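Below: the structure, in structure tokens.
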């Protein structure tokens, strides 16, 4: 134990001695280094002292530069503040622009989507159009084929019609021959009546006492509108008085025939059954039958007592614009239509007995007093006379420069009144077709191709309606206007004078009828 302790003490002493020796060596080395560095320190300190003044000047210069730099820095700071503010404003504007750009991009996206949708729709429409075009081409081809077939059928139809018309004319000729035989036997009976009529003719006026006869009554110039009646819807194109009566018969576009009491202005009866507008009217001399020409291509015959249609006369192929009944019997009726034909009908048999074909359409016609001649006024302005038995043209005259619209025969049968679209009213001697008188007025304008004028019962006056709504009355002896009646507000289409001498009736385009006394 004691040996160990002595060994440890000796080791500590050795260590202490070694440390002391090391410290001494470090001190010596330090001193040697200070001596070695002293000359260098002295050499370095000398130039520093000599350059101190220069460094001081440089320092002052640097301070001045530093101050200038500070000033520049302050200016730059101010500019920086302005630029920062401008930058912020630009940034805000940029944000707005970016927002607008984003909106525009969204709209552009939507527009592109819509454009793509429209392109898709357009492609579908193009496909549909191509399909329609192909179908159209097929339909055109079919149409061409059908047109060719229709032309061929039309040619065949025309040929058949021509053949049919030829056969009908042959049939009509045969019927005419048979009727001629019949009429020959009747002529002998009529001869006695005609001689009797001739004996009873005094001063050009026929006086009779049998049923349906016409009596001579002096006519007066009307001046007062007694009644104004709204007779028809859509216009009234034809009016006439019953023979030796004050009953007025009217026909209009509403397809009805009405009978009026002109004393009271009240409606007495309405006749139904017409399938088209009524363009002309006539009445048998026994006042038993009313006959209407219609736009439905037919003629209708009513029994006045029963109010029923007794006959429907078919055969015309276009609207029937004129009709008249024989003056010596209630059997024969003549009609004209816009199919360029004039037809003679037998009411007892109920069918056509003669057909006259002519190139110019007839607007108006009437029978002569002896019932053997037809007077017709045509679109070409000519007045023509036809033989009822043979259907041949007897004579013609250029009555007007434009279409004839009306024909009226005087009571003695020697004078015929024609009115035309040239606004003239001519009186012809029916025996020579020479003009006896021409009537005209400054304001008188014929309103339509079927404007009807009339003669007074004593053949002293002529009445005609005008497009200005007036009714003009001329004196035949003076060939001048004696009265102008104004009550209508639309063009007057027709006039009719009662066989009793008064009243005078007129009808206009609105369907109003005025009676004048």
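Glycine too: its Cβ is placed from the backbone N, Cα and C atoms.
Automatic, uncurated: that is what TrEMBL annotation is.
Taken from TrEMBL, the feature domain 'Autophagy-related protein 16' covers 53-176. The helix, strand and coil residue counts that DSSP assigns across the domain 'Autophagy-related protein 16' (53-176) are 124 helix, 0 strand, 0 coil.
The feature coiled coil is assigned by TrEMBL to 59-192. As a whole-number mean, the pLDDT of the coiled coil (59-192) in this prediction is 84.
In terms of DSSP secondary structure, the repeat 'WD' (229-270) contains 0 helix, 24 strand, 18 coil. What TrEMBL records for 229-270 (among others) is repeat 'WD'.
Outside the repeat 'WD' (271-312) by six or more residues, the chain places 211-214, 234, 237-240, 242-243, 245, 249-253, 255-259, 318-325, 327, 330, 333, 335, 337, 339, 345, 347, 350, 450, 452 with a CB less than 8 A from a CB of the stretch. Summarising the annotation, TrEMBL assigns repeat 'WD' to 271-312 (among others).
Taking Cβ pairs closer than 8 Å, the repeat 'WD' (313-355) reaches residues 168-169, 172, 175-176, 179, 190, 193, 212, 276, 279-286, 288-289, 291-301, 361-371, 374, 376, 386, 388-389, 391, 413, 449-450 in its own chain, all 6 or more past its ends. According to TrEMBL, the repeat 'WD' annotation covers 313-355 (among others).
DSSP labels the residues of the domain 'Anaphase-promoting complex subunit 4-like WD40' (360-409) in these numbers: 0 helix, 30 strand, 20 coil. The domain 'Anaphase-promoting complex subunit 4-like WD40' annotation in TrEMBL covers 360-409.
Residues 172, 176, 179-180, 183, 194, 206, 321-329, 332, 334-336, 342, 344, 354-356, 358, 402-409, 412-413, 416, 418, 420, 422, 428, 430, 433, 449-450, 452 of the same chain lie 6+ residues outside the repeat 'WD' (364-396) yet bring a C-beta within less than 8 angstroms of a C-beta in it. The annotation repeat 'WD' is assigned in TrEMBL to 364-396 (among others).
Look at TrEMBL and you will find 397-438 (among others) tagged as repeat 'WD'.
Same-chain neighbours of the repeat 'WD' (455-484): 204-205, 214, 216-219, 221-223, 408-412, 415, 417, 419, 425, 427, 437-439, 441, 443-447, 490-495, 497-501, 504, 506, 508, 514, 516, counting only residues six or more beyond its ends whose CB sits under 8 Å from a CB of the stretch. Annotated repeat 'WD' per TrEMBL: 455-484 (among others), in sequence order.
The feature repeat 'WD' is assigned by TrEMBL to 485-517 (among others). As a summary of secondary structure, the repeat 'WD' (485-517) carries 0 helix, 18 strand, 15 coil according to DSSP.
With helix defined as DSSP H, G or I and strand as E or B, the repeat 'WD' (271-312) counts 0 helix, 23 strand, 19 coil. Tertiary neighbourhood of the repeat 'WD' (229-270): same-chain residues 212-215, 276-283, 285, 287, 290, 292-294, 302, 304, 307, 448, 450, 452, 493-500, 503, 505-515, selected by CB-CB distance under 8 Å and a gap of 6+ residues from either end. Residue counts for the repeat 'WD' (313-355) by DSSP state, with H, G and I taken as helix and E and B as strand, are 0 helix, 24 strand, 19 coil.
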